[in-house]
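Visitor: Pulled these features from TrEMBL for this protein:
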SIGNAL    1-20  signal peptide
ACT_SITE  162  active site, proton donor
ACT_SITE  303  active site
ACT_SITE  409  active site, proton donor
ACT_SITE  450  active site
BINDING   541  Ca(2+) binding site
């Protein structure tokens, strides 16, 4: 099988310069004076062109909602208020039984230490509190944050990736929303605590870190293995930290990961498992920098790596040319090799092992339509926006066909004209395919946000109320199946509607992302559309909005 690099023009990137005069956007020194920062040059050694960057900076993505009728506005704001009340219910339980703890055990009404005891739920939810107008709670949380001691680890190793997206991202967003420097100070302090994780032969970060000793390790004891998402999801937070501190160390550490990965793995190199351009295998060895499997996947283990290629490019004022160069290649390969039509007529992403496709999708893949739709709007690519819409229809079908209105953690599907997919299934899985169009491989719902996230994006990008209505239907499913005294929990089987059965089959798990992501995307779908506009903010993978107001000239 022969592969080739397709030009960025395929995604419409170059057409931007023809649509706008860049002179009003460019100031003296806007292009890098010395393009040496990681990611500034694409893989062919070129920086972004002034004309294209100028045009992109003027482009607007979010739909103009000025023609909304009074009736539509009334319904929308009523829904926003209902979701805010739901958040208040969850927050009240956390505040009463677990304030300052990482999580709440909702059923037993006790605190849980899962993220070093630094208050993961509180820090992760800072921006949600601010955006929902719960300012008294926000400032109370601010006083808690000011006293955090990151030298105490709660008796746990630190998960470096999670610490970045939940804590550091949350602190940065709180700073940019409130302008209170305590949050920035704490973000820098915590980042410096985890930086020893990057002290490895190639600069690839350990998955785990003992913050009291600075010693890193793999999540699997005695191994040097890690995965694509866990090494590649520092770019947004570290880029913004470098902007605020004028210290390039953070940005360079995040970009070095990509440099190493590219230098150590070449397509069809016999010593590497890399076979499809832009479809990066998930598993990587930290010592050699080589991919240790051929399995490429845009779901769990790979998802946020691809997400950050695209979003860090936006956050950098469209200057990190390598990021969009790699995203362009990756999305083209995903379209060609990483999706397949199911017998139900839906286009699902799947698992690619070398050049073999497996019809399996977890709920994490539901981030793809939102991020792809966002980038497609920016670059003016109708064909890739259509791909985003098709992937969203598939993801939503997994929720829509369930009595609970909630989606399974993972499914398998049968490809059109590939009967062996069905024949190799267990009879129970075949029965589910016959009934739903897919089988429930992991039938539970853990309050995850990814589909809601993409529906939110599509609503803000198109103005089509069908996407908002779908978010509302999911919210109603959460209310019926996950709300309990003191908060919300997971549901064990999405094929059963607990309100109809009269028995709640729950999973007692309420992670911080429910407060940070799920509730935020739910609320923003129905809040005034000027609140956290897509033209002014970029969301991290943990839904922490970072401002686009900071102009980048290629230097810190």
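Note that Cβ sites are derived from N, Cα and C of the backbone, with glycine treated the same way.
Whatever TrEMBL says is automated annotation, not expert-curated.
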Visitor: Can you tell me the CA-to-CA distance separating residue 450 (active site) and residue 303 (active site), as a whole number of Å?
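Guide: One finds 11 Å between the Cα atoms of these residues.
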Visitor: Taking the Cβ of residue 303 (active site) as reference, which residues of that chain separated by at least 6 in sequence fall under 8 Å from it?
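Guide: Result: 229, 364, 365, 367, 541.
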Visitor: Rounded to a whole number, how many Å is the Cα of residue 409 (active site, proton donor) away from the Cα of residue 162 (active site, proton donor)?
Guide: 19
Visitor: Among the active-site residues 162, 409, 450, point out the residue whose Cβ has the most other Cβ atoms within 10 Å, with all shown protein chains included in the count.
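Guide: It comes out as 450.
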